[in-house]
Amino acid sequence: MIALSLPDGSVRQFEAPISGAELAADISKSLAKKALAVTVNGELRDLTRTIDTDAEVRVITAADEDIALPLIRHDAAHVMAQAVQDLYPGTQVTIGPAIDNGFYYDFARETPFTPDDLEKIEARMKEIVAADLPLIREEWDRDTAIKTFRDMGEAYKAEIIEALPEEAPISVYRQGDWFDLCKGPHLPSTGKLGTAFKLTKLAGAYWRGDSNNEMLQRIYGTAWANDKQLKAYLTMLEEAEKRDHRRLGREMDLFHMQEEAPGAVFWHPNGWALFRALIDYMRRRQEAAGYVEINTPSVMDRAMWETSGHWQTFREHMYTTQTEDERIFALKPMNCPGCLSVYRSATRSYRDLPLRIAEFGKVNRYEPSGALHGLMRVREFTQDDAHIFCTPEQMEDECRTVVELIMDIYKDFGFTDVRIKFSDRPDKRIGDDATWDKLESALKGALDHMGLPYSHNPGEGAFYGPKLEFVLRDAIGRDWQCGTLQVDMNLPARFQAVYVDKDDTRKPPVMLHRALFGSLERFIGILTEHYAGRFPLWLAPRQAVVATITSDADDHARAVLKALQAAGLKAEADLRNEKINYKIREHSDAKVPVILVVGKREAEEGTVAIRRLGGKDQEILALDKAVATLSDEAAPPA
RNA sequence: GCCGGUAUAGCUCAGCUGGUAGAGCACCUGAUUUGUAAUCAGGGGGUCGCGGGUUCGAACCCUGCUGCCGGCACCA
């Protein structure tokens with residue numbers, strides 16, 4: 001006798017052990033049809049597996065998206081693998097998990113798959129779904145399993161089993177005459193997968209994610225519970241493409257890149273206006289927070305980089321030059337050595353600390369060619385960098401101040417969902433454990449005192465100190481790592497930076513490395529996508545356009561323009577002999593936030609008609625009122 | 001860096017199996033003086049990414065390189 005309790009609180013008694021499918025059928029006919037899996041005491045299981053003890057049971061249907069979609073996607077991966085092996089015998093299967101929005105499967109095959117193959121595979125997948133093959137779970141003996149897969153020529157599967165712990169059960173799922181090693185669970189039959197899936201892309205992927213291993217061929221797909229969801233997802237992808245910063249960068253004339261300078265940005269006036277607005281803002285915030293600002297050389301002798309350790313650890317990412325005098329120089333990949341040089345240019349007293357030194361430093365790093373991506377990953381970029389020199393006693397307070405500043409600044413851009421990652425000592429590190437204890441507790445202490453939650457990244461810190469990373473989530477739910485805060489007692493020592501303490505002894509200061517935007521280039525890329533090009537007025541590179549309806553209004557339009565510019569607004573006038581429809585369309589496409597329409601009426605009355613981007617209505621205001629309103633709105637956050 | 005794809009006018013793209021290039025938008029000129037998301041007509045513009053090769057002949061086929069795109073790895 002077993003008792004199964006259901007989510008609604010009811011309990012059903014059964015004489016003998018019962019399968020999930022039988023349980024669903026016992027509850028209702030329609031549930032039996034819709035059932036995809038069951039959870040038994042919270043553990044997700046196949047419908048076909050027998051429940052033989054008292055338990056809390058829940059029947060899973062497509063309505064339980066969080067559970068059902070991963071199941072559907074995982075099944076889609078299996079069906080795809082079967083389709084591939086049907087069509088291309090000799091192809092080895094490796095792994096094929098469900099992922100966000102879809103699934104993939106990695107295959108080992110000599111011949112590359114082509115985009116045409118995807119269509120064929122998809123067609124074969126639909127046949128397998130139509131055949132509605134039952135998925136049957138089997139448990140195999142470990143050695144038999146290894147032998148079976150090895151004999152089949154499935155070396156990767158055999159390797160996977162060998163890597164499993166001795167006591168792990170080896171489960172295999174069959175669908176028709178095809179089977180795959182898999183821990184499951186799965187849908188009861190391939191028909192339950194439905195046809196709301198689509199193969200999306202081909203890619204290379206290293207076996208076990210290790211670049212020392214051979215490269216496999218990965219096929220990605222997306223899969224959903226129904227066609228409506230699939231279509232919504234595909235539409236979402238199209239929308240995301242429309243806000244791609246590379247596309248908007250061209251459409252809004254922000255910047256361009258070209259072949260002669262891979263990974264470097266040619267900023268156009270519009271993009272540079274944005275860049276300057278961000279720097280102006282940050283400069284103001286930093287000055288208010290007690291920072292001073294410096295600027296240091298881009299090209300410095302290799303000896304500098306040997307002292308800092310970059311030459312030994314970062315050489316492959318550095319650009320170097322050789323001049324006629326045979327000295328080797330390097331383009332700075334980081335600003336710290338320059339800043340340390342400024343620190344060392346005077347004898348520092350404990351009274352000078354904390355000393356907060358900012359630099360909008362342009363750095364060059366030779367990034368792998370495959371990593372480059374628009375503004376997001378470049379080889380030449382500008383950091384909103386700063387280094388804070390302080391005593392060990394001040395360290396925790398300084399960390400807290402930095403975190404406060406970061407969180408506050410992100411808020412000004414509408415990033416309220418910020419997650420913090422804390423990375424502690426890595427295996428390969430310098431410095432003694434006592435120092436690491438201090439550095440880590442300073443960082444953690446700062447967060448704890450502020451009551452901020454954070455996740456732990458054990459062993460992911462820099463070799464010289466632990467770090468915090470600030471990951472922000474944009475308007476369409478994507479995560480971006482921007483800010484970072486690192487504590488360091490190593491570099492000051494390498495450069496023999498010291499301060500004179502109260503007792504007249506020389507001591508090395510603690511050095512905090514921090515950046516908020518991270519890279520200005522990247523941050524502009526993120527903002528562009530976050531706002532979909534519709535920047536808030538204070539950031540917009542073109543804030544207002546005065547558009548005339550007839551040439552009768554030209555003089556008035558010039559006066560309006562003059563007034564706007566006098567109030568500090570980035571404004572233009574469009575006096576072209578074009579219809580107002582044409583002008584509105586063009587400036588709206590260019591994402592200009594405010595269009596001031598002036599015609600004969602406005603000219604006579606001394607007013608303007610304000611039309612906001614995306615809005616249908618207009619607001620007629622007296623000129624001085626309009627200018628005051630707009631200049632108020634265009635003020636950057638304090 | 002690795003795997004796959006791709007490169008034609010400023011932009012988006014067409015150009016069948018090889019016979020020396022075409023559209024829309026943008027730009028220029030003219031007409032139109034227009035009331036809230038494309039007025040009409042005319043015109044100029046391309047070493048078909050770069051270098052080799054095959055061929056009587058290459059945007060098209062082969063090959064090397066470079067950039068870009070999608071992933072993987074990397075992101076101190």
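Backbone N, Cα and C define each Cβ position, glycine as well.
The Zn(2+) site recorded in TrEMBL comprises A:Cys336, A:His387 together with one of A:His245, A:His256, A:His513, namely A:His513. Local packing around the Cβ, expressed as the count of other Cβ atoms within 10 angstroms, is greatest for A:His387 among the binding-site residues A:His387, A:His513. If you draw a 10 Å sphere around the CB of A:Cys336 (Zn(2+) binding site), it holds 23 other CB atoms from the protein chains shown. Apart from A:Cys336, A:His387, A:His513, the residues listed for Zn(2+), the same chain places the Cβ atoms of A:Met334, A:Asn335, A:Cys339, A:Leu340, A:Asp385, A:Ala386, A:Gln486, A:Asp488, A:Leu491, A:Met511, A:Leu512, A:Arg514 within 8 Å of the centroid of those Cβ atoms. For the recorded site, A:His387 (Zn(2+) binding site), the DSSP three-state label reads strand. According to its DSSP assignment, A:His513 (Zn(2+) binding site) is in a strand.
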